[in-house]
Each structure stands twice: as structure tokens, then as C-alpha cells.
């Protein structure tokens, strides 16, 4: 999942008037020629644009990542029958929104006599079609770009949690790892030797990731990126093989999940499907852009099949014990411990690609105000600060009133101040550390940012683009409004439930920590 954009420069010195780069810009250059503006980061190699197969590979790479591994838990939250059906529906809607974005971009670029447009520019020009929004059209571009930044940094946060959880599990199970990969039907690898808290593992990853993002040019990471993609592919093949060959019969799993868990499904699913940011950069870089729609349908068809199949098979294999990532359920034999390490290496390298987008948006405006002498130190310092920001395994969460009983029916009595005066202030005054739960982080990032980019903005863009041209029939208008409402409801419900669950699990963690005060 790579949310990217690729725009031209129309102003200088402001945060969002500069071109928004993409990891594709370094690894997949645009075709040269007089019809395209000269951009230095696209002048790599001498290719005449990407072919059908190259674009398909980039599209697959841009949509397959940590979100795929979290889909078995998403299916559990929705139910064994409702989950796959919902994934299919969401896939169809997501692809339709991608198609809308391409359609609007083509129409607006021809209207404005521009060779290509980014997501943000398309929204800006779309708003210019509406008279009462024309004065504020720049805010459309700014809003899209802000959500692109939030999404990319959110992906980086998810990567930190994924790396820490998986490496922690490998280290804890090192003394008991064997060559036998027998299914134990328990939640994740059997751990007999407790290790450090996962947040300490996150801090251990901090120095190498900071060094990684110091890389001045993504071209230097291209060989490692290729190796990482091969490793992640091999890991997925082994995960599929294990899940298929270890399904427990008879299958007695809920066909429909609990209603309160469905927003968590939405957040995880839309996180996985949020690849809309790569659509316009890939199309703009094709040798024959008119052939992009078949690439889009074929690529997203493959992606949707992988999502539904792994989500369903993984849930059928591990059942109620499925973890936030299916890798956490693999047995502690050397084969699947290596699978975790290979996938972690792939995610580690991918971190630099995801980090490239927000870094190249946020850092250049600051560098323009720094003297030549201090440019390099300030550049490295800002990159380090951004990585530390995404790594933050904890943030103070103020709670100025007792936690409601509905957060956890057995937890609430333990939090009552009259029962535990020493425990309650620690929880009621400030919950100092949020538990880094991979499933909730994925769902939260998906609900907050991905829902806007993938579901809410594209239908609105079509309404804006064809507002004055009489091309919108009432059914089309109703369809666009319905899709945007689905995204908005998913955003509100998914964000609320994810935050509520984070608070509840954090409170439960504190109760377990202060066990002398618990009530049996």
C-alpha cells in the first residue's frame, strides 16, 4: 500500500505548492519528451516509460503489504461468510473509486491543457468548476495532500509495530524453536522464555531505520527493494501453504461476527485496499497510458483475490486464535521463523519507500530557509525527528473522568477510585503508555486516513468535475453520495471503536501491572 502523488511545480516556498514526489519517481521513471515537464527525480535511466507488465508489478507491489497479513483477523471481526462478501464489495467499490479518479484526471487535464495531474491537483481543478468553491480550490489540494502525508506516516507507524511484534516473538521462541512444524492450534508461536516489552524492540529498530532514511536517493535502495519483494513473495507462498494444509475440520466458526467488531473490519480492510495513491503516478509513467485501465482491473482483481483468499483461509486455519498479523500465529519451527524474518526484512526496506513521500513534502520548504552550511545537518535532523515521531510507542492519553463500564465489563469495578485509590489516579489522571496493538493500529490508520483517500474523495471529485456539464444523472449522483457516506460512516465508527479498544486494552494492561490492587 503506497499512497503517492506526482505533480508539477506551480509555486515555490510553500508546503503544498511544491511537487509531491513518490517512491515510484525513483524506481519507475516517467517517459521523457516535450509533453512532460522536466523533473530531475524522473530522469533515471533511459527507458521510454513502463510497459504493461512493469506497471502491473508496481500496482501489485503498491497494494500488498502488512494490510494483507491482518485480513484474517478482519474476517474474524466480520464473520466467516460476511467477511469475504464484505471484502469483495469493498474491493469492487475501491476499484470503482480508482477508476473515477483516473476518469476525472483525464477530463480535467484535457480541460486545463495539462499533460498529467496529481490527486491533489485533480481535486483543486475539480473545485474550480463550482463557482462558490473556486476561491477555496487550493484547500482541496491541501486537504488531499495532508491525508496523503497522514497515510504514509501511518504506514510507517504500522511497520514499527509489525517489526517489533514479529522480532520479539522470534527472539522469545529462539530457545524452543525446532525443525518440527506441527500445528498446535493456539494463538501464535509458543513462547516459553519471556523477553522485553515490544516497545523496547521498537526503540532498537530506531537507529537502523534512521540510518536507512538517510539514504539520499532511492535508486541506491532499488537492488534491496527487489530482494525484499522476492523475500516477501516467498514468505507469502509459505504462509498460504501452511494455512491451506492445516485447516481444522469440522469448521465451526461464526458466519456473521458481532456488530461492534465490524468497524474494526472496515478499518483493516480499507487500510489494505488503500492503494489509490499509486494510480495516477503509475498511469502517468506508462508508455501507453490509455492501456492503464486494463492494468488496473487485472491488478486489483489479483489483489482482491489474494485478500479474500488469505483472509478466509487464515481465519479457517487459526480460528478464534488469529492474531493481528497471521505471521504471529505461525509455529515456532525454523522454517516459519525464517518466514517472519524474511517478511520483516521486506517491511524494513519498504519503510524507506513509504517515508520518502512525506519527507520530500515536508523537508524542502524548511531547507529553503537554511543556509548552505547547515543544509545537510538540518536535513538529517528533520528526517531523524520524523522517524522518531512515527516510532513513538507511547503517547500520553488524558482521561479526566472514570472509564465507562462498557469498555470492559470486568475491568470497570477495578477502576473505581473508592475501591483502589492508589490505582485509579494512575489510570484516571493520565494513561501514560498506549499498548502497541498491531490490529488496532492498522484499523485506526485505515479508518482515519485511508477512508478519505479511497472512498470519500473520489465520488466527490466526480460530482465536482462534471457539475456544470450535465453528465451526472440522478442515479450516478445517488451512487456517489452513497459511496461517500459509506466512507464517512466507516471513518466515524472505525475511529471511535479503534480508539475505544486501545483505551480499554491499555487500562487492562495497567490493571494487570498493578496486580496487588486487583479484585478477584
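Backbone N, Cα and C define each Cβ position, glycine as well.
Annotations in TrEMBL come from automatic prediction, not curation.
Range annotated as transmembrane segment by TrEMBL, chosen from 45-66, 111-132, 221-242: 221-242. Here TrEMBL gives transmembrane segment for one range in the set 28-44, 164-180, 181-197, 198-214: that range is 198-214.
The range from 336-357, 358-379 that TrEMBL describes as transmembrane segment is residues 336-357. Counting Cβ pairs under 8 Å that are 6 or more residues apart, the transmembrane segment (221-242) and the transmembrane segment (294-316) reach 3 or more and are in contact.
When each of 144-162, 440-461, 481-499 is checked for Cβ pairs under 8 Å to the transmembrane segment (198-214), 144-162 comes out on top. Remark: the transmembrane segment (336-357) contacts the transmembrane segment (144-162), by the rule of 3 or more CB pairs under 8 A. Long-range contacts of the transmembrane segment (144-162) within the same chain, counting only residues at least 6 positions beyond its ends with a Cβ under 8 Å from a Cβ of the stretch, are 1-5, 16, 20, 65-66, 69, 119-120, 123, 198, 202, 205, 209, 271, 274, 277, 325, 344, 347-348, 350-351, 354-355, 357-358, 361-362, 386-387, 389-391, 393, 436-438, 441-442, 445, 448-450, 452-453, 457. Across the domain 'Amino acid transporter transmembrane' (431-498), the DSSP tally of helix, strand and coil residues reads 53 helix, 1 strand, 14 coil.
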